[in-house]
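These notes are about the structure you will find just below.
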Number of protein chains: 2
Amino acid sequence: MGENDDSDIIEHHVEEEMEKKGTRSHAASSSFLGSVSPSDREGHSSTQSSHRLLAYSDALISIIATVMILPVAHTKMEDNEELRESVQLLLTTKIAVYLMTFLIVTVAWAAHIRLFQVIVRIDDCLALLNLACMMLITFLPYTFSLMATFPEKILGILLFCGCVMVIGVIQSVIVLYAFSRPFLLNEQIQISENQIYYKHHILKVIMRVPLMCFFASIFSFIFFELSYVLLAIVIFLPYISQCLKWCRSKAIGQVDETPDSMLFYTYLPNEPLSKERVEAFSDGVYAIVATLLILDICEDNVPDPTVVKEQFGGSLVAALQAYGPEYLAYFGSFATVGLLWFVHHSLFLHVTKTTRFMGLLNTFSLAFVGGLPLAYQLTHEFPRNSRNELEAIQISCVIIFFAGIFQLTIWVVALYNEQETLHPYVRYGGREHVFMLAKLALYPCVALGTFFLTCILSKFSASIFHLMEITVPFAFLVLRLLVRVGLALLRQIFCPDRPDPRTVVEEEDDETRVPFNALVT
Amino acid sequence: MGENDDSDIIEHHVEEEMEKKGTRSHAASSSFLGSVSPSDREGHSSTQSSHRLLAYSDALISIIATVMILPVAHTKMEDNEELRESVQLLLTTKIAVYLMTFLIVTVAWAAHIRLFQVIVRIDDCLALLNLACMMLITFLPYTFSLMATFPEKILGILLFCGCVMVIGVIQSVIVLYAFSRPFLLNEQIQISENQIYYKHHILKVIMRVPLMCFFASIFSFIFFELSYVLLAIVIFLPYISQCLKWCRSKAIGQVDETPDSMLFYTYLPNEPLSKERVEAFSDGVYAIVATLLILDICEDNVPDPTVVKEQFGGSLVAALQAYGPEYLAYFGSFATVGLLWFVHHSLFLHVTKTTRFMGLLNTFSLAFVGGLPLAYQLTHEFPRNSRNELEAIQISCVIIFFAGIFQLTIWVVALYNEQETLHPYVRYGGREHVFMLAKLALYPCVALGTFFLTCILSKFSASIFHLMEITVPFAFLVLRLLVRVGLALLRQIFCPDRPDPRTVVEEEDDETRVPFNALVT
């Protein structure tokens, strides 16, 4: 590199960051550079793009969100015990704790996204403050599970509220610090005249949660049931308030009271949520979940040399045969989680803007995905053709079904507002649209089919389930072909002699070609 | 969004991908668009940017690389046993397995990077093939630990070689598939006339490893010691061949035989390694390592309500006090890992191009980081002022020291070729350079200092260690100030009346300002 490409590098830095926020910022990027006077930018050579800090935070949060599935997965179930009872025992405590922790952590994560949609550049001080914040967020699941295990003790409540309050205080310090150095802020706020108003609005929103936790911790000394009500309100507050606002705006058609330029901290269901971070968080969760079983296998299923010598007559093959079902469970769950990730990846490839509501649906989908390895492991822990095995298989199907259905719902929500949220070539009516729909519908349909088949042919449930596991990856591989054949068949059946649909399809073909033509010309 | 921004979106897609490969590609992007004829691009609406696939792969591989630390961490050590013996027991088997697995997985990861530096766009078929490849890579650590536990059984060798062979075959299929659809390839190869040569060269390099594994698995039936020699060659092959080539080129000044445009699959130490993927992989490892202890805490340290009632008289505080040291270990290790990530983040912010050699040093640094939670946990497992505690603390210091030293080495290597690998404003001599050096040197210096202090004042070793844990984050917070004070002091001491250094410093100031001036003008 030469001497004279300094400007190139800085521009590259700025571009990189603009890139993250989609197409809208592209137009604004020149005004951003123009808005900051040279004297402002001088001496801030220590400011950095926040990209990697956020990627690291996403990785940490996604690990923490899925961690409470481990106590569920490691609950030992005896073969002769009825699965129904064990599952009900699990359902009441550990699964509920897992789901609640997942929700709490994703609420914290959404707050983190909102914060760093306002603050787009960081310096060393902000990076260190964020690490402190992360440390407390990773401690949240533990305090929550203490609270859930000892609901009548105030220590759990105090610890949980303490964590949330400290997180809130750190986030407020981050906001104050960033507003004292405006070059760290989003360019929209940077050029705005209402900077003070924004600061107060954001601080108000952030401090609401720790304040309620403060009251909850005080009430815990007097009347601890009330603190739980307060905490429940805290967690569901954004969803409640956004539902109410959305209903009101739909019913009365009322204009929102926040200024038009206030895109952040609105709690509207179509408030933008950084697509990149939703992807990074989902990638983290899928990656952890896909490897959950191999972690156990690596730790527990390397037989002890002395045991092999004494119990299996030195035959390693015989010793490993006992673990056969666990390898099968691992490959099955890895393939299913991997394919669900693949569908998620295809879906978000077509999405241009993620909204809060889509983020919520994604959270639900991920929460079910987190339960998959557990369900797969259960399918192999019981004797063949037992009632337990059948139920474990059916639970696996139900989990796959819901994980898939929520992905499909994201697509439906995106279609509902397709002008804003989807690339033009996948909008309603094109061939890519049909293909995407087929991809999203494959897992729910297969899961539903397997569920009902196992109800009818309960004797062959294990074989049906394994057959499903093996065929689905190949179905994805030839899906494009299947969709074409299916469309052709439908056309043959419903309108065998009308020429119109064919021309409609050709028109669609033209439509899908548009981007490339437009690019070339 | 309007109807007429289709081209904008596609361009955005293309840009996004160009972005990943740094500044060099920017110049080439126009030629890329020009090189592909419209008819080539038509109908490939299903091709996608490979960015997210690679991010997911990096997440999976980073989890797998660190997973073999779990069997080490969960080895129970009794208090009264001498740590020296336990550590030696661990060193001989589990730690060696951990380090080897880490190395093997990172070799597989480097091969994956090389492959996807050639293939820059993907379609559904490639995504599914890659998932299959990932599934086998995640199984590698288990097969390796089987092989290590039963070195004289051929099953372990066969399983390991089988995995590697299948991975090699899948990667070859990926290469063949991509070369049959040239629009998926790197634009450099796409416009090249030597495409066939490239294909054969790449296939030759990829197939070398499975071929050697094939021979190793055959030899295992006859004379299994030979298979280990072959496998060792396989793992170290890239490093051996690159060292030899590098030495030869330095000694004789010989020109490399590969064509000048052949930037990939060269095994030279300065072969580019995608900086983004090195960052993503490191983020994954740091995130897993930082949360390793909280995973254990969440799973094991929620006391049972009945136990609390019976043993602690219903006092939760008393029950939790027993876990105190574990919380401390968690916060300590999270802070240390987080700060090492922070240093890594600062370092790679200034790096413009990552080379294979820097990647190797980074791997060593990460391998040490992986051992940190274990070391921190040990520091609290032994009685106060025991010999074991002292040794655990000293081991922690050694691990921190090496993790930090390898980061520093990356910086030194980057400086050695600073024109190519560093941003101009951090090159040797500027103030940012001094600041970066201070950041990188802080942990090794502190670790070394703590180590020697605990040798001298062994009675206060725990206090010294905790003091270190608490002060280091604050040291990072005020490091910029410290560096300035330090520089001023040095100036005062060594040349109290010479005015020259001051002007030199001012010149440096000018230099750091250059990027911004260049941007404004």
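Just so you know, glycine gets a Cβ as well, placed from its N, Cα and C.
What TrEMBL records for this protein:
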REGION    B:1-47  region 'Disordered'
COMPBIAS  B:9-22  compositional bias 'Basic and acidic residues'
COMPBIAS  B:26-38  compositional bias 'Polar residues'
TRANSMEM  B:53-75  transmembrane segment
TRANSMEM  B:95-113  transmembrane segment
TRANSMEM  B:125-148  transmembrane segment
TRANSMEM  B:154-179  transmembrane segment
TRANSMEM  B:209-240  transmembrane segment
TRANSMEM  B:327-348  transmembrane segment
TRANSMEM  B:360-380  transmembrane segment
TRANSMEM  B:392-416  transmembrane segment
TRANSMEM  B:437-457  transmembrane segment
TRANSMEM  B:463-483  transmembrane segment
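Here the transmembrane segment (B:463-483) has Cβ contacts under 8 Å with residues 328, 332, 335-336, 339, 342, 379, 393, 396-397, 434-435, 438-439, 442-443, 446, 450, 453-454, 457 of the same chain, all six or more residues outside its ends.
The largest share of C-beta pairs under 8 angstroms with the transmembrane segment (B:95-113) comes from B:125-148, of the ranges B:125-148, B:209-240, B:360-380, B:392-416, B:437-457. With a threshold of 8 Å between CB atoms, the same-chain residues lying at least 6 positions outside the transmembrane segment (B:327-348) that come near it are 275, 278-279, 282-283, 286, 289-294, 297, 354, 365, 369, 372-373, 376-377, 379-380, 400, 403-404, 407, 410-411, 436, 439-440, 442-443, 466, 469, 472-473, 476. When the stretches B:209-240, B:360-380, B:437-457 are ranked by Cβ pairs under 8 Å to the transmembrane segment (B:53-75), first place goes to B:360-380.
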